[in-house]
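Over in Swiss-Prot, the protein carries these features:
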- 51-69: region 'Important for receptor binding' (REGION)
- 75-98: region 'Disordered' (REGION)
- 1-25: signal peptide (SIGNAL)
Amino acid sequence: MMSAKDTVKVMVVMLAICFLARSDGKPIKKRSVSEIQLMHNLGKHLSSLERVEWLRKKLQDVHNFVALGASIVHRDGGSQRPRKKEDNVLVESHQKSLGEADKAAVDVLIKAKPQ
């Protein structure tokens, strides 16, 4: 059994802990601002690491593609241009004809002249 002095010491220590903790027996529900900021920074850091890892894998795939001796097609002028003149000309069967609704809209625009 504990003596009265030991019991008093334990009670004083428990009272000091409760007084200094100031939780009033309730669980602490709020997080401090610094803890929230730390969690936010950790999330941003993890997403940044994921992006870097994804980019590293893609660059490794490109490097492997070139290392395997795959032929790289070089373009003249860097843009895709039609090779024949006929590719530039619109075929009349593919041209859009004005429907009745389009003609009505054009008539309204012609009649509403700005002053």
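Easy rule for this one: first residue shown is 1, then count along the chain.
Just so you know, glycine gets a Cβ as well, placed from its N, Cα and C.
These numbers come from a predicted model, not from an experiment.
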How many of the residues that make up the region 'Important for receptor binding' (51-69) does DSSP mark as helix, as strand and as coil?
17 helix, 0 strand, 2 coil
For the region 'Important for receptor binding' (51-69), what's the mean pLDDT in this predicted model?
85
